[in-house]
Structures are given as C-alpha cells and as structure tokens.
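Participant: Have a look at this one before I ask anything.
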Amino acid sequence: ETSAKEGLLLWCQRKTAPYKNVNIQNFHISWKDGLGFCALIHRHRPELIDYGKLRKDDPLTNLNTAFDVAEKYLDIPKMLDAEDIIGTLRPDEKAIMTYVSCYYHAFSGAQKAETAANRICKVLAVNQENEQLMEDYEKLASDLLEWIRRTIPWLENRAPENTMQAMQQKLEDFRDYRRLHKPPKVQEKCQLEINFNTLQTKLRLSNRPAFMPSEGKMVSDINNAWGGLEQAEKGYEEWLLNEIRRLERLDHLAEKFRQKASIHESWTDGKEAMLQQKDYETATLSEIKALLKKHEAFESDLAAHQDRVEQIAAIAQELNELDYYDSPSVNARCQKICDQWDNLGALTQKRREALERTEKLLETIDQLYLEYAKRAAPFNNWMEGAMEDLQDTFIVHTIEEIQGLTTAHEQFKATLPDADKERQAILGIHNEVSKIVQTYHVNMAGTNPYTTITPHEINGKWEHVRQLVPRRDQALMEEHARQQQNERLRKQFGAQANVIGPWIQTKMEEIGRISIEMHGTLEDQLNHLRQYEKSIVNYKPKIDQLEGDHQQIQEALIFDNKHTNYTMEHIRVGWEQLLTTIARTINEVENQILTRDAKGISQEQMNEFRASFNHFDRKKTGMMDCEDFRACLISMGYNMGEAEFARIMSIVDPNRLGVVTFQAFIDFMSRETADTDTADQVMASFKILAGDKNYITVDELRRELPPDQAEYCIARMAPYNGRDAVPGALDYMSFSTALYGESDL
C-alpha cells in the first residue's frame with residue numbers, strides 16, 4: 001500500500017510540475033485549494049478547463065469546477081464535497097487518495113502517449129543538439145574564413161616604405177600578428193575540426209546522415225584557405241626582410257654617394273677657369289712645350305678621376321634600380337657632376353688643340369695622320385666584313401632564298417670600283433705624310449699614333465677580297481642547282497600526295513555510308529565490306545611509292561612543300577585510320593550477326609532496328625546522342641520519366657560517353673523483349689504479402705520471406721507515413737522503386 005501511495009504521489013507531482021501555485025506533497029492539505037485537481041485535468045484534457053482564469057484564493061470554485069468536469073466528461077463520480085474539504089483542517093487522506101486514483105485510471109491511456117512523446121523529445125533533443133553543433137560549425141567556419149579573407153590582402157600588400165623605421169614598424173606589426181592575432185585563430189581552426197569530427201560521430205551513432213557544410217565551408221575548404229594564408233604569410237615575411245635589407249643597402253649607398261660626390265666636387269673646383277685661360281697665345285715655343293707638358297699632366301690627373309665619376313654614376317644607377325625614395329635629388333646631383341665632367345673633358349681637348357695648333361708643322365702631320373686613321377679604320381672594317389661575308393657559310397631551303405643571296409652578291413661586286421678608289425685615296429694620304437717628312441726633315445718618333453693599320457695590311461686584305469669573289473660565285477651557282485633539284489622532288493611528292501590524300505578521305509566516307517545502309521542481309525554487307533577491304537589493301541603499293549619519295553625529300557633535308565598541304569605523317573595516319581575503320585566496321589557487322597543469332601532476331605527485325613537507328617541518327621555519325629535516343633524510344637512507345645531514361649542510358653552507355661552505338665542499341669532492344677521484371681511487379685508482389693495494405697509489417701516480412709532476405713528488407717525499408725499507418729509499418733513502395741534505381745535506397 002505504501003508503494004502504491006508513493007507511486008501515485010510521484011505521478012501527481014510529475015503531472016502538475018509545470019503549473020504555478022501547485023505543490024503536491026501529500027494527499028490532504030496539498031489539495032485544499034482545488035488547483036491540484038484542476039491541474040491534473042488540464043494536463044491531460046486542456047480543452048475542459050481554462051486554467052489561466054483560476055485563482056488560488058478561490059478554492060471552492062476550483063474544487064467544484066474540478067469535480068463537475070470530472071463527473072461530466074471523465075465519468076468520475078463526486079466522491080468528495082468541496083465545502084467539507086475547505087472546512088476541514090486536514091482532509092481525509094484515504095478519501096482524497098481514492099478520488100485521485102480515479103484520475104490516474106482515467107488518464108492511464110494518455111500514459112502511452114506520454115511515453116511516445118518522451119521518445120520523440122529524446123530524438124528531437126538529439127536533432128536539436130546536432131543542429132546547434134551544425135550552426136556553431138557554420139558560424140565558426142564563416143568567421144574563420146572571413147578573418148582569412150581580410151588577413152590575406154594585408155599579407156599580400158607589398159607597398160614598400162621609404163624609411164627603415166617604417167619598414168621595421170611593419171615587421172613589428174607582423175610579429176604582433178604572429179604572436180597575438182594568429183594563435184587564437186589556430187585554436188579556432190583546431191576546434192572547428194574537432195567539432196566537425198564530433199558532430200559526424202554523433203550523427204553516425206544516432207543513424208543520422210552525415211553533415212555536409214555549406215558550399216565553401218568544408219574542412220578541406222578551410223584547410224585550403226588556411227594554406228593560402230600561410231603561403232601569403234611566408235611570402236610577406238620574406239618580402240619584409242628583403243625590403244629591410246634593401247633599405248639598409250640604400251642607406252649605405254646613399255651615404256657612399258654623398259661622400260664620393262663631395263670629394264669629386266672639391267677636386268673640380270676651379271678647374272674650368274684654369275682650362276679656359278688664353279696664356280698660350282703669347283707664349284714662346286719653349287713655353288708652348290712646357291704648357292703641353294703641364295697639360296698632359298692634368299690630363300693624366302683627369303683620367304685618374306674617371307673611375308670616381310664612373311663609381312658615382314654606378315651608385316646613382318643602383319639607387320634608381322633599388323627604388324631609392326630620394327632618387328630625384330641623387331639624379332640631379334649626379335647629372336650635374338656628369339655634365340661638369342663632360343665639360344671638363346671638352347675644355348681639356350680644346351686647350352690641347354689650341355696648344356698643338358701653335359706647332360704648325362706638327363699640326364699638319366698630326367692632321368694627316370688623323371685623316372688617315374679615320375678613313376683607314378672604316379675601310380679596314382669594310383674589308384674585314386667583306387671577307388667574313390664572302391667566306392660565310394649559308395643554309396637555304398628554296399630557290400627564292402638562293403636567288404636573294406645571288407642578288408646581294410651582285411650588288412656587292414658593283415661596289416668594288418668605289419672601294420678601290422677609297423683605298424687609293426687612303427694610300428695617297430700616307431704618301432703625303434712621307435713627302436712632308438722627307439721635305440722638312442722632321443724627326444718622327446714611331447708610327448701613326450692614331451692607328452695601327454699600315455698600308456701593307458690594307459693592300460694585303462684588298463688582294464684577299466679580290467680572290468674570294470670568284471669563289472663565292474662558284475658556291476652560289478652550285479647551291480642554285482641543288483635547290484632546283486629539291487623543287488623537283490617537292491613537286492613529285494606533292495602530285496602524288498594530292499591524289500592519295502583525297503582518295504583516303506573518299507574511302508573513309510564510303511565506309512561510313514556502307515556501315516549505316518541496309519542493302520541485303522548482314523552476310524551480304526559483310527561480304528561487301530571484305531571485298532572493299534581487299535581493294536583498299538591493293539592500294540598499298542602507291543603508299544609505299546610515296547614513302548620512297550618522302551625518304552628522298554628527307555635525305556635532301558627538305559622541310560616544307562608549298563605544292564601540297566599533305567605531309568607523309570598525314571598520309572600515314574589517314575591510311576592507318578582507313579585500315580582500322582574497315583576492320584572495325586567488319587567487326588561490328590560480325591557482332592550484329594552474333595547478336596542476331598544469339599537472341600533469335602529475324603532479318604526483318606534487324607532491318608527495323610537499323611531503320612529506326614538511322615532515322616534518329618540525325619548527325620549521321622553512326623551513333624545517337626542522348627536526345628536522339630530519347631526520341632527513338634518515345635517513337636517506339638516508351639513512356640518514361642527522367643529516372644527511367646537515366647536507367648536505360650546507364651545500360652546502353654555504361655561508360656557515360658553520351659552516345660549510343662548501334663550494337664548497344666541492338667543489345668538493349670533484344671534485352672528489353674526478354675527482361676520484364678519491373679518495379680511495379682515487385683510492388684504488386686509486396687502488396688500480396690501485406691494483405692492488400694499500403695504498408696507491410698516486420699512480422700509479415702519474417703513470416704513470408706527467408707530470414708536473410710527478410711532482414712535485408714527490414715534494414716532498408718523506410719517507415720510508412722500514410723494516414724492508415726500502424727506502429728512498425730514499413731514503406732515497401734519506395735523500397736521497390738529504389739531496387740530499380742528510380743529512387744534512393
């Protein structure tokens with residue numbers, strides 16, 4: 001009795017727990033306000049009592065409401081009196097317990113519903129937890145990807161700074177990113193992967209489908225984005241260090257430039273005024289010589305400073321190449337130094353010429369030497385170039401090219417008379433110098449200071465040029481004859497290739513037409529094709545002859561042929577394709593004969609299949625594409641949806657090439673006439689086992705089918721959700737369509 005009392009009390013407490021102002025602790029005073037009885041009724045039949053209008057301070061109304069409703073709608077007699085309960089300090093425990101037990105029995109039917117509800121709540125709780133994990137994953141993934149998207153442009157920004165301080169600040173910012181900003185994101189990424197794996201495990205354990213994140217938010221997507229971040233990070237760090245090294249190098253170079261520029265500017269101070277003096281105009285011969293010596297000493301000093309000027313220019317150039325921020329001022333100073341240096345050089349040369357003009361005889365001789373050198377040097381270069389050109393080997397491939405070389409050679413020979421005149425003029429200058437030396441007894445020390453080219457060398461090279469000209473004539477004539485022979489070989493090959501190439505193409509087209517025509521039986525078509533194959537094989541000697549011509553062309557090193565668009569490789573490939581096509585076509589007809597004999601297909605049926613196939617092969621390629629095949633099936637009476645058409649395409653096109661061959665079409669048509677099992681037939685069989693119901697139970701499956709097949713069906717059949725469903729009902733209709741690929745199993 002005590003156990004029954006405690007159980008009943010526990011039931012009351014659980015049922016009234018959601019209601020405010022109701023606290024059931026016993027079977028006497030806890031019921032005096034009447035709210036406990038009303039709560040029990042409202043908990044199970046909320047339409048009978050408007051619980052929100054009840055007040056704790058009106059127990060009489062509450063009790064009478066509960067007793068009246070229980071008697072009228074729940075068939076529970078009035079065992080208690082409302083006024084007695086209110087007027088008694090401690091109501092009769094057994095009476096209230098007896099009355100409450102009537103409530104328990106009246107609502108016991110609802111207990112099953114509560115159990116079912118608890119099961120549903122449990123399932124929904126799992127789903128809600130999983131959905132929350134999914135939402136958390138999506139949000140965390142979105143936040144992490146957004147952070148990566150914002151961070152990568154910052155890491156990819158390669159805008160350089162002008163100062164070391166600015167670049168060091170960038171490096172410090174990058175270090176802050178590595179120390180402070182990135183570690184939490186690394187933890188988030190790790191946590192994201194942990195959450196994803198935990199979620200997948202929970203889904204798998206609760207028989208739920210695996211979680212597929214939104215597009216672009218897979219773990220692999222995040223890893224790829226993270227890889228891009230790390231790649232940008234690596235490049236950014238390398239760039240920062242390179243930039244700091246570059247700025248360090250720039251500061252060093254800039255300081256070096258300023259030091260060298262200052263030293264040079266100090267040295268050049270006053271030099272322009274010194275070079276512009278006219279002191280040589282009143283000087284004696286001995287003074288002129290002294291001035292010349294002094295000037296020569298200055299020129300030596302000037303030459304010694306040439307390296308410093310070049311170093312200054314090189315440093316300025318390097319600063320420009322390294323994008324030094326103050327390059328304009330460096331360039332301006334460098335340009336000023338270079339202009340001043342050029343001016344110093346010009347003034348130096350001008351002073352030397354003025355000094356030398358005072359020595360008339362030496363000036364005359366010097367001018368003659370200079371003129372000789374100026375004319376001898378280009379003429380010597382011309383003769384060396386001519387000798388090089390005349391001895392240069394040539395490679396030509398056409399008559400036009402050799403004719404061009406011959407024309408150029410004739411033009412060169414036409415310039416020889418003028419060249420001989422220039423040679424005689426140069427030798428005349430040298431003879432004039434010799435005449436002055438002999439006439440005025442000038443003591444000449446050494447040879448011409450402006451050139452090392454002697455008259456003897458000029459005459460020797462000129463004679464060599466004259467000997468090389470006829471040799472060049474002979475070489476050009478021999479090459480012209482060889483190119484004429486090559487042209488004959490090109491024309492011979494082109495004439496044959498222009499016949500054989502179209503012949504192969506024509507034969508390919510004829511074989512294509514034969515393969516889709518329906519003249520005679522398959523045996524007749526096979527005989528026709530074999531005779532055709534024999535005629536093609538008999539054409540082989542012409543291919544061999546063309547190969548011989550091609551070999552001659554290769555031995556002659558001929559690489560192009562304007563007389564034909566066909567190459568030997570084109571002919572070989574076409575010939576091999578022709579042999580392959582005729583062999584494959586013969587094989588297709590042989591396979592059609594095998595299929596016809598194995599399936600018992602008559603010749604009339606084969607002709608009918610071929611006629612249908614040819615009619616819907618609109619492109620005349622010997623194959624139907626998907627849309628042509630669909631139209632063919634519809635024309636033969638097939639009424640199908642996308643799923644059924646996909647099933648048929650998987651049969652006739654297992655490799656998913658998007659086309660249907662005639663052999664596959666015959667196989668399908670012959671198989672369709674024999675194979676009649678369909679999803680509808682299996683569905684009708686299940687309906688018989690189910691006693692004509694729209695669902696089937698586990699017991700019925702185990703009773704009618706072998707154990708292993710019954711368990712197979714139970715494991716894969718989805719619950720039946722129709723209006724006439726009973727507990728444990730299974731949907732055999734969706735299962736049947738899934739067996740034939742019309743839905744997911």
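Even glycines carry a Cβ here, placed using N, Cα and C.
Remember, it's a predicted structure, so these values are computed and weren't measured experimentally.
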Participant: Of the ranges 78-112, 288-322, 358-392, 603-637, which one does TrEMBL list as coiled coil?
Facilitator: 288-322
Participant: Pick from 123-150, 571-598: which stretch is listed in TrEMBL under coiled coil?
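Facilitator: That would be 123-150, the stretch labelled coiled coil in TrEMBL.
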Participant: Which residue counts does DSSP give the domain 'EF-hand' (640-675) for helix, strand and coil?
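Facilitator: Going through the domain 'EF-hand' (640-675) residue by residue, I get 24 helix, 3 strand, 9 coil.
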Participant: When secondary structure is assigned with DSSP, how many helix, strand and coil residues does the domain 'Calponin-homology (CH)' (2-108) contain?
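Facilitator: The breakdown for the domain 'Calponin-homology (CH)' (2-108) reads 67 helix, 0 strand, 40 coil.
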